[in-house]
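A short worksheet on the structure shown next.
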């Protein structure tokens, strides 16, 4: 196995002596998709800000592979209404050529918006723009802070699908924060349940059985996740119909206790 | 050059050239004031310029130098104090702006042999522009425009999204400091033109007018320069024919242009 892209070694961040992130050890390799879940105030955003180098650790260490490029997709793009900005200009601020920018936008499905104003984009389109902006820099590590917030359910599923696909193409590592537990479970290799410290971590299927997880999120959530978990070997189009998936396996209408119309 | 000499000998042309020089730098900097919501901040720096002037008299420094130093010190103090979050930024600005102005006035009163044209400093005295002032304005403009051109991508990116800029490796703190320095410089040289109390207007109004028509940041900067130039030219013409004070007349022209542009364009936003 190659060296990890990121290693957190006893990472602690404290504000006014109150630890927000406490003794976290974590390593991320190329090809990993790691999702951080946890209640509000659990230190999720602080944790990824430490990885990004925006937040200084109070103790412990964040080690990155030297020269590594990080693509960051912030939670929101709140643009001052007095600042006129087109999608193209925003992309070009990365210093990449128009054709590279267009290719990245096409990849995230918003190529047709090249000349639109950023002010006119919907929540989902903004997320895809931010993702394209991260992509054009050819990141080794992609860090996303609640990428699906403000995106409708269908959009969320295809956004997570897109993130997986990008991981495959770029062979990068992915760290993301999410609240949408059901979707996370379907799109993630490893889940970290954070509540200042790491309560539990592991494969989505296992974690919903973990006592620490059940204690944090309650029985109802854990049970519903166990029911909803299924192998993601098919895909949905925007209407929710099942379309051809990875292994050519169509309609599995009654898998894992949920049915498709 | 005899033609240049003839132009520079005429106070009206000197005033116009100086005013256009200010419009050239007030355009881009005004855009940053509007984008970063720094209107009150600019006002505070402008107020502190008066303190700079009295301190310059006290230690016999050239006025411009004293003003630049005071603005830089105040700007740094503001950035540091606002980080402690003990007081809301606007409260802090209000305290510093008026204290600096008042301390400046009190200090001046202790120097009875120093005669200062206070009205000129507060509201500008465009028509009293000397060749030396012109040299300051164009020297300052060259420095500011060069800095802006070199730092443009970083300044714009850290204005759009500071954290994103940081992750992309831009020196956000140093860029902020560079911007403060440029504000201090423009206030020091523009003080003469529109006066301490009206500088913010010359920064904000042309930029706000430009916002209505612009589709991109650079487009907005260019338009802000044009609207600034219109304001100064119109102000001088008003002053020439109606014998009104030139500084306030420029601001009035800027305001009329603003009303005209907002009134004549449809309610669309790019």
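Glycine is no exception: its Cβ is also placed from the backbone N, Cα and C atoms.
Just so you know, TrEMBL annotations never went through curation; they're auto-generated.
Worth saying up front: this structure is predicted, and the values here are computed from it rather than measured.
Annotation source TrEMBL lists transmembrane segment at B:12-35, B:55-80, B:92-114, B:135-155, B:175-208, B:220-242, B:248-265.
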> Which one, B:55-80, B:92-114, B:220-242, has the most C-beta pairs under 8 Å toward the transmembrane segment (B:248-265)?
Replying inline: B:220-242
>> Counting CB pairs under 8 Å, which listed stretch among B:12-35, B:55-80, B:92-114 touches the transmembrane segment (B:175-208) the most?
In response: B:12-35
> Near the transmembrane segment (B:135-155), which same-chain residues lie under 8 Å Cβ to Cβ, leaving out any that are not at least 6 residues past its ends?
Replying inline: 18, 21-22, 24-25, 28-29, 32, 64, 165, 170-171, 175, 178-179, 182, 185-186, 188-190, 193
> Can we call the transmembrane segment (B:220-242) and the transmembrane segment (B:12-35) in contact, meaning three or more C-beta pairs below 8 angstroms at a sequence separation of 6+?
Replying inline: yes
